[in-house]
Amino acid sequence: MIQFTKMHGLGNDFMVVDGITQNVFFSPEQIRRLADRNFGVGFDQLLLVEPPYDPDLDFHYRIFNADGGEVENCGNGARCFARFVRNKGLTNKNKIRVSTSAGKMTLRLERDGTVTVNMGVPVLEPSQIPFKAKKAEKTYLLQTPQQTFLCGAASMGNPHCVLDVEDVANANVAEIGALLTKHERFPRGVNVGFMQVVNAGHIKLRVYERGAAETLACGTGACAAVVVGQIQGKLDQQVQVDLPGGSLTINWEGEGKPLWMTGPAQHVYDGQIQL
């Protein structure tokens, strides 16, 4: 039997598994089965806590999408990861350092129950996103057989494409997201953000996630949207990001600096399941 915890960050939900005190391995097929909301646990991502590879760090953090594929980063998951390792007694620290397949992150448990995550420095160089473009630009033209889109692009350890929309509530997220997430100019696929700028300190955002379709919240997507919005001269240093599942606060001092994301992490229940 595998012990697990169900958690969510703004409705972006996770199955969190302690891979330190129990020996676990998940095949892509097992993950797909567990992710099924009718026949399994049901989640957007599975989060796996592993021992650190680096003695200066506290944990290694792995993320698997509902389709079974491993991904580089998940901001909402990082907040739940921090709350989980603390609640389970795997650490007594308030400041937790972890590695992911994309790099290192610092997670900070706040007194009010929220978690602040150092999301790292955004990557804007196209080849590193990865995105096929000759050089970094504030906006790019993305052509499809149906229409041409204006977008910004950035990586937060995972690739993001951000579109400006006038009214996010009526944006065609499912259709356009499905069209762009596999666009040939993003060799590893891309998460697609639909951003409505309310004012310089406030945006509304919906995200079509690579491998998971639209989710209620996407932490890296919120960060990427703020980066693109700032670069395009539309946003301030601190921005409230309203997602369908709730709000995050993103702080970015500009190019070369890390982003800080603050938001909630909720425990739903503990369970056990036979693989």
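Placement of Cβ uses the backbone N, Cα and C atoms for every residue, glycine included.
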Out of N23, N65, N87, Swiss-Prot lists as part of the substrate site with N12, Q45, G75, N76, N158, N191, E209, R210, G219, T220 the residue N65
Please report how many Å separate the Cα atom of N76 (substrate binding site) from that of Y269 (site 'Important for dimerization'), as a whole number. 17
Chain-mates of N12, Q45, N65, G75, N76, N158, N191, E209, R210, G219, T220 with C-beta within 8 Å of site centroid, substrate: D44, I63, V71, N73, C74, G77, V207, A212, T215, C218, G221
Which of the three DSSP states, helix, strand or coil, fits N12 (substrate binding site)? strand
Fewest neighbouring Cβ atoms within 10 Å among the binding-site residues N12, N65, N76, N191, T220 goes to N65
Can you give me the Cα-Cα distance between N65 (substrate binding site) and C74 (active site, proton donor) in Å, rounded to a whole number? 10
Whole-Å Cα distance, C74 (active site, proton donor) to T220 (substrate binding site), is 6
